[in-house]
Amino acid sequence: MTHVLSAVAWPYANGPRHIGHVAGFGVPSDVFSRYMRMAGHDVLMVSGTDEHGTPILVQAEQEGLTPQQLADRYNRVIAEDLHGLGLSYDLFTRTTTANHYAVVQEMFRTVHRNGYMVARKGMGAISPSTGRTLPDRYVEGTCPICGYDGARGDQCDNCGNQLDAIELKNPRSRINGETPVFVETEHFYLDLPALAEALGSWLQTRADTGRWRPNVLKFSQNLLADMKPRAMTRDIDWGIPVPLEGWEDNPAKRLYVWFDAVIGYLSASVEWARRSGDDDAWKAWWTDPAAESYYFMGKDNITFHSQIWPAELLAYDGRGSAGGQPGPFGNLNLPTEVVASEFLTMEGKQFSSSRGVVIYVRDVLARYQPDALRYFISAAGPENNDSDFTWQEFATRTNSELVAGWGNLVNRTASLIAKNVGEIPAAGELTDADRDLLATTSGGFSTVGGFIEAHRQRAGIGEAMRVVGEVNKYLTEQEPWKIKNSDPERMKSVLHVTAQAVSDCRTLLSPFLPHSAQKVHQAFGGVGTVSPLPELREVTDLDDGRPYPVLTGDYRRGETLPEWASHPVVPGTPVAAPTPVFTKLDVAAVVEEELGRLQR
């Protein structure tokens, strides 16, 4: 058994999540976490809403709310979205907890004490019309590296490089379009050059494993070529105070949102441990060198997870050129793998809430089954290349693959057993065809599991559905309905073998399709939970008593979760006439209705 940290990118609390978001961080992390638990590993899956930074400050001002009120609203909305999708977080929390503030400030103090956080003067943007500081995310212009017109003052989303606002060509305010004025200001900078050698050594060990996705590895290696100090504080009054004398009482200086957000993986683990009753439980995932950690996100966040976060960890541990000693958390593990997906587009266009090119998770879940969306993302998502979501393909895949493939196999098998036997029959003497089929389904555990562990989920679900096709083919060729009277014992053997094969397929598909896995289990007389879903729970802050919702759950293997293996079906288990597992869609109606919504 290995302790496996599943660190899931923190959705920003400025609105509901759209399907492009969950295609990058949500479904891939959940499929991996569910499989790893079933395979016997001790998984801790953590995340939460990212609630600091300029966008929330500006949006709250526009809506007549405080930043905390806006964060409270969307913390709940996002938690509900992810709950509906069935993402099995051990803890989904938020970055405005007192616990998170304490962990972040401790990280900053130690990084500063070790000599990797250096105060220096730089240039900050000011709005000429208001005289107020214009945070870097609200300055845009032409990227000096790739020439993209629309780069932000902290990062270019086109090439992924980090920037300073003053580096942009033709800078302008995203709020009112005016040209900002740049004035001198003082900030703390993370000394990346002092950490460059250690970062390069770590990244080389990752490259040597041969496991990282080529695009992620290449991008991360390219970052090493331009290592310069990066500002980790901002001129803003919404965020975590700088925990140093002379700075912490300054209302206009706060820690950079990306400095604090990535520390959330650690603070969420600490909060989970505190809520579990063992304050030190988090250490098994963070300080044990044998533990593994996998970070899931979209490709626009690679920089922060393969450069900034490892640099913070190295600086905290004192492993850069300036030396130093770890703080009270001890030596913290560096990421095992950064699992970044490409982008999902919609009907050939980039997602854009402001332009109405968006499909929110909550809207999909209100009209369609959650496993239909999970299936599309798993089978056709942006794993190694950008992919496009169309309503035509979504509805067609739902009908031809889920309904006509997997759902049809479940329904016809349960119906045949219910009609002809009423219970799972015992098997008589098996034929070569029977043994071949059972070898195919049992062999799927190694193949599908290997694909999931290698973050090749499209191949994994494709192989699982290929096995489903083999079972459907077997049932059609054996024609048990024709031999009820002439050879009832053979009919029972065929139905037993098919029931066993369906059980195996259910397990193979359960990391991808947890909602329907439970339905299939119950359709064949199963009791108890085989595919646990998360709980949306109301809690209070452990330190200041403020209420907020979290996602959590009980995902213990052997108690609520089966082992990743074939489980013998039990003869005599009653089987009643089933109800369809999946809902067939009217493809033309879905396309017309959904495209009409986009145009309204």
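Using the three backbone atoms N, Cα and C, a Cβ is placed for every residue, glycine included.
Remember, it's a predicted structure, so these values are computed and weren't measured experimentally.
Residues or ranges marked as motif ''HIGH' region' in Swiss-Prot: 11-21. Per-class residue totals from DSSP over the motif ''HIGH' region' (11-21), listed helix then strand then coil: 3 helix, 2 strand, 6 coil.
What Swiss-Prot records for Cys143, Cys146, Cys156, Cys159 is Zn(2+) binding site. Around Cys159 (Zn(2+) binding site), the same-chain residues six or more apart in sequence whose CB sits under 8 Å from its CB are Cys143, Ile145, Cys146, Tyr148, listed in sequence order.
Taken from Swiss-Prot, the feature motif ''KMSKS' region' applies to 350-354. Confidence in the motif ''KMSKS' region' (350-354), given as mean pLDDT, stands at 81.
Here Swiss-Prot flags Ser353 as ATP binding site, drawing on sequence analysis. DSSP assigns Ser353 (ATP binding site) to coil in the three-state reduction, outside any helix or strand. The Cβ of Ser353 (ATP binding site) lies under 8 Å from the Cβ of Gly15, His18, each of these being in the same chain and 6 or more residues away along the sequence.
Secondary structure at Cys156 (Zn(2+) binding site), as computed by DSSP, is coil. In the shown protein chains, 25 other C-beta atoms lie within 10 A of the C-beta of Cys156 (Zn(2+) binding site). Cβ neighbour count for Cys146 (Zn(2+) binding site): 12 (other Cβ atoms within 10 Å of its Cβ, all protein chains included). Within 10 Å of the C-beta of Cys143 (Zn(2+) binding site) there are 22 other C-beta atoms, taking all protein chains into account.
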